[in-house]
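One structure is given here, and the rest of the page talks about it.
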Amino acid sequence: MNQRFYPRDKLKEILTRDRVRQALNCSCDHCEQQRRDLRSVDQPLDYVDSILDARFPAISLFALLIFIRATPFVVGFLVRQVHDQSICNLSGDFLEVNIGEKYWSYFHRRRREESESLEDEFRNHLFQFAVPTFTSRQYHVFHEQAILPFVEQLQLGRIDEDGRVVNEGAYGTVYACKIWPAYNALPNSEGIEWFARKELDVPTRLFSVEKQNLEMANRLGDPHIVKIIKTYKHGNKYNIIFPRSRTNLRYYLREEQFVNPIRPLEANPLWQQVLGVAKALDDIINFGVNKPSASDREYYGFHFDLKPENILVENDGTFLISDFGQATFVERGGSSRVDGHGGTEAYAPPEIDNLNERQTSKYDVWSLGCIFIEIVTVMVLGSRYLDEFDRLRITTAGNMTNDRFFEIDPMFIGPERGYRVKSVILAWFERLLKRVDPQRSKDFLEKIVDLIKDMLATDTNSRVPSTEVVRRLDDILQQYQENHVVHIETPRSRKGELTVGASNLGEVNLTVYLEFGDSLPYTGGELIYLDEMYYRPELLATILFSGFFICFGTSVSNSIAFARYVLLAAESHIQKLGDLDGRLVGYVAITINVVTCLLLYFSNGLALALNRLSALYKIGLLLSVFIAGAVASKQQDSGTHDFETTYSSDSTKTLSALVYILFAYQGWENANYVAGEIKAPRKTLRNGAYLAVFIVTTLYILVTIGLYLACNYASATDDTASLGPTIDMANRVFGGSLAMKIAIALSAFGNMIAVTFTSSKVKQAIAAQKIIPFYQFILKNDRRFGTPAGALVLHCIFTTLMIIVTMVVHPDGYNLVLAVFTYGHTIVATLVGASAFWITKRLGSRPQGWKPAYIKNSFLRLILATLFIGLNILILVEGAQLHTPGDIPRYWWPAISGIIVTASFAYWCGLRVLMLPNPFASGLGLKPRNDNARGVSSSEELPGETIGQALFGVNINIIYEDSSEYYRDDAEYSTLGFIDGSRRRILYTVDEAGLYATVGALFKTIGGFFANYL
């Protein structure tokens, strides 16, 4: 059946008074003929006011008749006082009654066949117009064909035989849905946008029990008991509507925000929710006693199925007891014991095993104690330990396993079984106590553990009652939380601080790099700075940086980001990045990488023009995100409600996050990479650089504010919806995210152009050092287009390799590559900043001398350098310690950087060995080198033969500025528009005779092997 309906409020907007009159007075042949055949003495125009009546309108009825082309027939309905409310309440009756005979009798008798056709049309479309309004919590029964005013329904899961929400189940379904506003007149539903609808396919008796229990519990008015909004029967299925909660306690305790516990323990805000649930349970158990206003009679209340899945968590973190399907209320005055109920076995007390024993109100105290253990585990150890606790609790006897909190006591002597708390539970208590400090927190936890042990007494007579639980817990909290003030940063404020902090680090970096860029205005950036400032051991700093940059100075992250969002735009049903086909992502990423390299190969000018256009486009995009976030903040579930709520965080997560945020600021050093091609004056370069950082910081802060205005904490931190808050915001504001996905993909493409351009220039500068194979090919520009063809090929190859590795190794590989580059670049920047301590001495030794251009005060320069180094070291050490389950551990950041450094160091060692004099050659006649300020007045003589020449016929030497050979490369470099900023050259001399001799000797050795052994 078609579930679409025509909303009454929209029909009212369309059917204005003039249009109603026009429809009633239609002069077409069809309407004229219908009016004649009706033979009504009433004029249709006389009923305009009845159709538009404010109290009992007939808008939907009239629209239905227009739809089936029977407009004049509205008179027959209105004469009999039938209006919109009537057709909704009596919609089922219209399926039985002879509509034609009752409402257009003369026409029916005169044109029976046409009348019966109209009747069928009326019945077929009736429910699309006769949509009932939810007006009260009173139970209603709706016809099975009725269309209820739900929109955007999402199935959350099925309900199994234990009442749990699972993927498949036989007892019903749980939906998240919205109610069309015009049909929502439910009390206590103001401000609620999303509802949870529990559809039950159960016998009437079971539904009646749950409905009655919910209504009883709601009479308590407790803020920690779920609120029932509406109950009804639709066809043969029963339904209960609640406000939709964020999640349940089981999933909530496993969220990332609880990975690292809050310290001190007693300051954790979860304790107030624990106390609230305890008070709510006590109100249920002592129904009408604690709150006499709830009932004129007193009852014993039993929930009988208290477990983490049945405690809901709202967006503001409030815990709610829910699911009263197993509950019962017994009037006081008789026994407080009732027959056992079928709650979940894991959290049930020992008496559940005794089928002859009637249960007491302390049944639920045991269950609450079990839940307390899990909550305390999270508050002491963190969420990752919950799964371990679940595994430890499982015991096996024969073919049976159970995860109960108790076990049979083999030492018990008596006519019946004896029970005890499982030994692993008691050991777990000791583990918790050992992990808490200072002493005040340990004392606090000891009192909490003592209370839980009393709640888990296996003998019901010894088990503490619910009233005592509330009293003791309240006393403990008051004692240890009194005058204890703790400020817990929200992720929102922390993110804003990180954005500004990253900006400040960027500005300090920029100041240092501007100084170097002015003093060493050569293409290559850090390659030149490290080579100049760390000139001993010779070539070491140059090769280490080159190895790192060739491997990780790629456009992998932007290529993958482009591919992901293009595929997400094409496959709108995918809601998780993990659901994308990794092979397809890799293919698209490699393709766009090749396209970008080809674009820069054929036209640098066009690529740079696109880059400038991309910059303007990104500014517009970021401003649009901020404006859209401000618009979304007016919605009911926006992020504004979380601004006064505190959530946990810690320094390790913060510094780890700072590494990712620093990646967003990468680009401030791009001008240094191509400094040899910048012709702007010093003042212009300085002002432009600082202005760029200021604009970017401002835009990032605005975007952060916009996202936090639009998205609540639950959606922003929801690991199951990994598309991020920007996509969530687009869905909220625009009703879809296709445009935003395309916009992000275009932004990533703009980044690729900039990164590929600057990276190719740096790799060209590396090739100019003659320290890598095929340096001549990588160094040269294409003759036709004048673009760095070889460097683009090198960049394309390594980007492709990294994409393949990223998509194959691990789902978190994208974040790893991104973080390793940022982490490694932070190390490089730290080394550059550290050289500020000897920059005056080092650069002052250059022939042209040196004067600081930006930081003229040497003391201030040293202060900034010290601060800069300290902050970077803190980020490097602390940021790499976090480990989130399911992600690649962050210690791989320094580990991979170390592997690249080690490989580069080995390469350097090999190269330097080839430069050493051949110890077996005679008459070398070597003279010691006079190295003053790195060879400014060097008089080094070239050795007669090196190890490289002896082995391969290639003589590798380093020459300096005073050598006649030094300027031999300048003529070639000038044709490339390139200036080498280093103060030394590498000279390769190929001894063809030696090379041929080496190759000949090799073949001779191989030939001798075959002759002797084969």
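Keep in mind that glycine also has a Cβ here, set from the backbone N, Cα and C atoms.
TrEMBL has this to say about the protein:
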- 160-477: domain 'Protein kinase' (DOMAIN)
- 59-79: transmembrane segment (TRANSMEM)
- 539-564: transmembrane segment (TRANSMEM)
- 584-603: transmembrane segment (TRANSMEM)
- 615-632: transmembrane segment (TRANSMEM)
- 689-710: transmembrane segment (TRANSMEM)
- 738-757: transmembrane segment (TRANSMEM)
- 789-810: transmembrane segment (TRANSMEM)
- 816-839: transmembrane segment (TRANSMEM)
- 859-879: transmembrane segment (TRANSMEM)
- 891-910: transmembrane segment (TRANSMEM)
- 993-1013: transmembrane segment (TRANSMEM)
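Touching of the transmembrane segment (738-757) and the transmembrane segment (584-603) is concluded from the presence of at least three CB pairs under 8 A, sequence neighbours closer than 6 excluded. Model confidence over the domain 'Protein kinase' (160-477) is summarised by a mean pLDDT of 85. The recorded stretches the transmembrane segment (789-810) and the transmembrane segment (891-910) do not share 3+ CB pairs below 8 A when only pairs 6 or more apart in sequence are counted, and are therefore not in contact. Within the same chain, the transmembrane segment (816-839) packs against the transmembrane segment (891-910): three or more Cβ pairs sit under 8 Å, each pair at least 6 residues apart. Only pairs six or more apart in sequence are counted, and the transmembrane segment (891-910) with the transmembrane segment (539-564) gives three or more Cβ pairs under 8 Å, enough to call it a contact. Residues 526-527, 530-531, 533, 577, 580, 584-590, 592-593, 596, 663, 744-745, 748-749, 751-752, 755-756, 759, 762-763, 766, 769, 771-772, 794-795, 798-799, 802-803, 806-807, 814, 817-818, 820-821, 824, 828, 831, 897, 900-901, 903-905, 907-908, 911-912, 958, 982 of the same chain sit 6 or more residues outside the transmembrane segment (539-564) yet have a Cβ under 8 Å from a Cβ within it.
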